[in-house]
Each structure stands twice: as structure tokens, then as C-alpha cells.
């Protein structure tokens, strides 16, 4: 016994030392990006490509030190993770996200002199890397801390608010802002068109999807062929589907003047809407079908045994219990529709996609961003919003927080 | 009163239930026992028409069940299933009030009934009314299941292996409570189980089923004394049959008046079972116990000789001859 005690104790602590490799990788990638690539670039006008500026040129030694030290702190926290450490890391990530527009303001003051009024400030490679890696860090931390999706919405809103305030107050030179100011009314109209198309197409596909699912549940023979058709629709490339509808719709509009008075024609909103609904149906129907089928047979049997009629069973038991999974379908459908609507700009349906294609045509990347960034924001917000709604409606057992992971 | 006469259920060519006849008196507790797949659940579910019978007649309070609207029929029959089938998105109170609300009781009546049942089943209203089923333990959930079945004051209660998924201790506790409830409420209960001990403990009338037909039926004691089939005998526990019988017999049925000898040291209440008496004899190394009433006053004595003589009449005769 004494001999055993005299032997050196095996060190077990290093075995429990499990650094969070994801966070470490992301933080190192951020460090490398901000020191190796251009953070911003400055161009004298819209067409000429800009001249890059590194981190120190852009925000000075003080700014560079601040950013670097926050990221190094992230690495340090990730080396020895704990719940508390993750919370601090989360604050750090948020801080960086909120500081980023101020960095642009500093860069604009330092790099653009008053005598070149048309000069444009562009966000560089390092800036985009930093932004996307920070978002990935957020996702990782959200998973580790088991945060609910509603916090993601709050984050998007808070960061969006700070960014838009900065953009309106102190960033006249930012290329994106200049593009926006040049097309103010056009932008809001495009945003409205985009959202309208998405909302209407999702609403139609919810109605259509639900009725199709109910039919499929009643006539089980229908199920196989319906899924085959929907699967087939999903495989047609979106541009081809838009193109395919040109002919038939133009013909229909020519046959019935009423339709053309309503605005139906080979191009425009009508083919876009039909294509969007066609694409939305598969995820919608598939999720609705699974949602309704996964309700526990014990529960349904009990409902029958208690003397509930079929309709009572459907509306009071099956549908409410299916709702979270069903909403998941709506979420997937909506996010997909937001992206697809961008392509619909090609056939004249309007929306934010029009900026992307115009910008591509004019080789003006800022204009492409003016279309792409809001689409990204819309998709993120729809995803978080509908996800949070599903979380709220889920029977509470599923949202019960598992204990701390570490 | 429930009467099944020559009832069969066929799925295609396979007869799940084959020509069974069964008479359940009002207020009696009838247990259907058998191995899985013997048709006991099917029999139960034919009574509230969750399954329609193929042949024969099931008569409920003088009318064939086929004449009732199935939905209305089910609302007047309480139904408890193994995995409770509580609605996970409803609170305990709402789950219990389901059938009264289906019957369009006023909300005040529903609430009063829910509270009455919750206290009857030992679920404090303040603590449990607003909980969701996933927050309950298995035993609590099944109490809610029983409360839900009793909510509309049905005369008939169908229970399909209600305690099958519970741990032995909880199961025993709920069995006791069901026995207590039944002694207060006198419902007509049809209880399906594969646990013979549970059936012996609760039932007034025991029905043993195998392969869709009834092997034997009668009171638990009569089955224990005269199993007419090796299958019934093995279900009844083979060698332990004597002890099971003792568990069903009260001490007071076997006690003799106080003898002239000194009363024995060990005392047993008259309401205890013979099995408990035997156990006490083994524990205290004695063949004689003093039987006392609820006020601990001696009223008689219990002797091993007498128990052995009376417990198994046939064996007693063999020994005497």
C-alpha cells in the first residue's frame, strides 16, 4: 500500500483537457485573414477596381490591437472550455460583430480624404472572412450553450440595427451605401416585391400542400404518384422551369383576355409564382405528411377510445401535435423560396434578384451585394423566426434544456 | 351488465377471438388473463367497438352494442390503456376533463369533476393540474389516465394492461388503489392483464384465455382450487398455487375460537390474509397465532393444523383416508 502511494500519481487532468477545436480553428482563421488579406479597399469611382488596405492602414495600431486581442481571448477560452468561458466568448463575438461597422467608419476617415468626393470604400476579403467566421462562431457557441433560436433573432436585429445606424450616420463613403442611395425607391420596391412573392407563394403552397397531404392520407394509392411528380418537379433546374412556363402562359393570356388583364403573361409575376409554388410543394407536402404520420398511435387510439369523432381527433390531437414538424416544413419552404425568388428576376418578376443580375451585367459588384445581402438577411431572419415559432409550439419535453455539455 | 354470447372476431381467415361467451354482473371486476396474442385485448376492444365483432352478440345494459352510435358508446365507457395515451400537449386537468367536455358539460361542472377526481386519485390539484404529461412519473401519468376514464361517471370501465409498463412497486401501489376505488364505486370493470397475481388480487371473476377461446372462468378461488387444465395451472403458478390461494383467504375464515390453552404470543389482525399468517408463523417459529380484531382484542386463534386441513379440501381428504 505504501509502495503504491509512493509512486507518482498518474496525471489525469490532461486527459480531461478537451479544447474546442472548432472555435480555435475559426479564431485562428480570423487572425490569419485580418493580418494577411486586405480589410478594405478604396476606389476613386464606381468602375475602377480599388486599392487594398491592410489592417493597420485601415484601423490603425490601436484598432488592430483591439481586434487581435479579442480574437486571441477567444482562442484562450476555447483551449479550456467551460460554460462560463463560452458565455464570455459569446460576448466577445457579439462585441466584434458590433465593432465591425465602426471599423469601417474609422477606415473611411483614415483612407478617404475630402478632395475625392466620389471615392468609394469597399469591404475587403479579410472583412468578409471575419464576418462569416464570426457568424460560424456564433452558431458553435449557440449549440454549446443550448441557446434557443429566438436569441438568434435578437442578435440579427441588434447587429442589423447598429449596422444600419452606422451606415446612415457615418459611412457616406461606403460603396454599398452609395449604391443604395442611388436606388433608394427602387430598392424598397424590390424588397416589397420580393417579400410579397415569397409570402404569397408560401401561403399558396401551405394551402395546396395541406390539401394534397389530406388527399394522400385518404387515398393511399395517390401517395406514390404524388411524391413521384413532386420529386420530378424538384429536379428541374429553376431557370428551365421559368423558361418552360413562358410558352403556355403566354398562350393562356392570349386565349383569355381576363387573365392578361390580371397581369398574367409569359414573363412577370405569374410564371414566377407558379414555379415557386411548384418548388415549394415537395418540402411542404413531405413535411406535412411526416408531421401528421409521426403522431403517436397510442395517443390517437386513446382519443378514439375516449369517444372523439374523427374531425375532433384531427383538429384537437393530430394537427396540434404535428404543428412543430409542419412548421419546420414551412421554414424550409420559406428559406428556399427567398433564394429562388432571386432567380425569378430573370423573367421579369422583379425582386432583389434584379440588382444581382443588373450588377453582374454592369460588372458592379457593389450592386450585386445590394441585392444579395438583403436576401441573405431575409433568409436568416425567416429561418430564425419560424424556427423559434416551432420551438415555442413543440411539446415542452423536446425543448427541455439538456444539462451543461461540458 | 355486460353479456358476450358466442362472440368471434376474424381477421381474414385467422380467428383472433373464437366463440366466447362471458357474463359480467353489474359492479363486478372481471379480469381477462392470458399470454400475449390470446385475444384478451381484442375481446376488450370489441366491447367499446374499437374493433367490430364478426359474429355473436355483445349486450350492454340490455341492448346490443351494435345498436349504439360507437362514439356515444365510447363516451359512456371508461377506457384506460397501457401507455396512458394522455395528450402530450394538454395539461393534466384538460386531459382529465376530456370526455365531460365532449359531452358538453358546463365548464364549472367539468372543473368540479376534475378536482374531485384528482383528489380521489391522490393528485393534489394545486401541484398537478397545470403540469404536462411528460412532467409526470409513470405512476402519476397512469393515475391521470384512470381519472380521465372515470371523468364522465361511466358505469363500465375497460382497462387494457393499465399497469403493465410500471415498475413492480408502483404497480402494486396502484393495484391497491384501484381495489380501494372499486370498493367505493362499484363500477363494472373489465381488466386485461398477463399478470396472474394482479388478476388474482383484483378480480371477482377470472377468465383465462388462450388462442382466442376461454379455457376456464370462475372466481379466483375456484380456479385456484380446481384448475381444469395444465395451462391454467401453470398460469396460476404451479407449486405456488397454495400460497396464492392463501393470499386470497382471510385469517378470520380459518380461525377457531379461543382454546383453553394460553394464547399464543404472536398476534395477527383478523382482516389479514392467510399468507401473511403463514409468514408470521415462519418468522416467529410457532404453529399458533392469536387473532385480534381492529382494537387489538383477541377474538380467536389460528393454527397450522387447521389451515392445512382446510386450505386444500381434496388433499385434506386424502390424508384422512
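Just so you know, glycine gets a Cβ as well, placed from its N, Cα and C.
Taken from TrEMBL as is:
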TRANSMEM  A:21-38  transmembrane segment
TRANSMEM  A:58-79  transmembrane segment
TRANSMEM  A:86-107  transmembrane segment
TRANSMEM  A:119-139  transmembrane segment
TRANSMEM  A:151-175  transmembrane segment
DOMAIN    A:191-386  domain 'ABC transmembrane type-1'
TRANSMEM  A:195-215  transmembrane segment
TRANSMEM  A:227-252  transmembrane segment
TRANSMEM  A:258-282  transmembrane segment
TRANSMEM  A:337-357  transmembrane segment
TRANSMEM  A:369-393  transmembrane segment
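Proximity of the transmembrane segment (A:86-107) to the transmembrane segment (A:227-252) is not established, fewer than 3 Cβ-Cβ distances being under 8 Å for residue pairs spaced 6 or more apart. Outside the transmembrane segment (A:58-79) by six or more residues, the chain places 19-20, 23-24, 27-28, 30-31, 34-35, 39-40, 85-86, 88-89, 92-93, 95-96, 99, 103, 106-107, 110-111, 137 with a CB less than 8 A from a CB of the stretch. Between the transmembrane segment (A:227-252) and the transmembrane segment (A:195-215), fewer than three CB pairs separated by 6 or more residues in sequence fall under 8 Å, so the two stretches do not touch. If you count C-beta pairs under 8 angstroms between the transmembrane segment (A:337-357) and each of A:119-139, A:258-282, A:369-393, the highest count goes to A:258-282. For the transmembrane segment (A:119-139), the residues of the chain that approach it from at least six positions outside its boundaries are 23, 26-27, 29-30, 33-34, 36-46, 50, 52-53, 55, 74, 89-90, 93, 96-97, 100, 104, 107-108, 111-112, 152, 155, 171, 173-176, 178, 365-366, judged by C-beta separation under 8 angstroms.
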